[in-house]
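Per Swiss-Prot, the features are:
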type: BINDING; residues: 104-106, 128-131, 138-140, 186, 319, 324-326; note: substrate binding site
type: ACT_SITE; residues: 187; note: active site, proton donor/acceptor
type: ACT_SITE; residues: 318; note: active site
type: SITE; residues: 331; note: site 'Important for catalytic activity'
């Protein structure tokens, strides 16, 4: 009985290498099953964004083949419908192949072809995975095309909007806290005063520049290899196939940055645009780490840290210490930064692995790039709405710290000289007195070099921040 049930769980499919047992209910067929058995590596498949792009690409190709008369209209319509259905995410579970597979993505291309053929068959139309679904295509142009479609779509529709949310939150706080004075710090040591708004304005500018860096990659990221087929020559397809497919993809995705590759040999042999895009995301990750770490340090305490700002209480921080609350979103952001930087290292190496007419590290590049975009987009939104928007500054405490910093002696350089000012700073620190009192006690307020009124003016910590010098963020 057990053997009978086991047999019933499978069906027999075949390809050019022979028969293969496939799970009875699976939409995939022989070539996909071989890949599943060959690559039990990580348990991680393609990103959903890539599966979506593969579905849309097959639909676009079928439409062009239908319009040219190369593909029967009924078959084309069945492929188009199935491809669009895949793009909704409904069939993501039918893409079981590990990301660590053949480096061209051939296995995943055939996975897509087979699933589309099975969906079409279930809806009453027989189509062949190779002859019909893959008409005018090769894995060598479809898989990189889908990768670039997914990456461009992720950048335009998710990553850039997510970063704009974070930029807006930081910029709002920069304006709100423009006059909230605090001690500046360099080398983690006391420095001359700044305002909390100036610091957050710097953070906002970092994110804005990150957005601009990502946007700058789009003209190259959006170049698509489709039409080059096996090696870039376009064998087995028409000269206008690639351009027409790209036009369909623009229509299907709404992403106007998509365009046919200017040189199909470059577009298949190299993945430089993915390396560039990943590098731009790495810069954002570096910025995000710095911002999150600064905020974490400013919020440290509540009693034995800097305690300059209060972070939102999001969840209990300890299973043993009652009442403890931790900067969990800062820690999330810094971990995401580490992952994105690591992903970029793999992408950079993988990008170097193009021998002659084809890069053969595309699946891992696609997975890492799309994961990085997703992680940064999600983190940016959550970091903005659940952390930055809820920060409360401890204004009086920050002002006290700023006024007690030895570095506020700096504006006295032009009145009493650098060496004398240094003596004041050291004496104030050693004796536990304010800079103002120390200057007076050391006899520098003599009515000639320095009056008491001039001293107070020079020691105005907010004035030291030069908030009238507006900065762009």
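Cβ coordinates are placed from backbone N, Cα and C, and glycine is handled just like the others.
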Least Cβ-crowded entry, counting other Cβ within 10 Å, from the recorded positions listed as 187, 324: 187
Cβ contacts of residue 318 (active site) (under 8 Å, same chain, 6 or more positions away): 324, 326
Secondary structure of residue 131 (substrate binding site) (DSSP, helix/strand/coil): helix
Residue 104 (substrate binding site): secondary structure state under DSSP, collapsed to three categories: coil
Integer Å distance between the CA atoms belonging to residue 331 (site 'Important for catalytic activity') and residue 129 (substrate binding site): 46
Largest tally of Cβ atoms lying within 10 Å of a Cβ, found at which of the binding-site residues 106, 139, 186, 326: 139
Rounded inter-Cα distance in Å - residue 139 (substrate binding site), residue 187 (active site, proton donor/acceptor): 52
Closest of 104, 106, 131, 331 to residue 187 (active site, proton donor/acceptor), Cα positions, recorded positions only: 331
Helix, strand or coil at residue 331 (site 'Important for catalytic activity') [DSSP, three-state]: helix
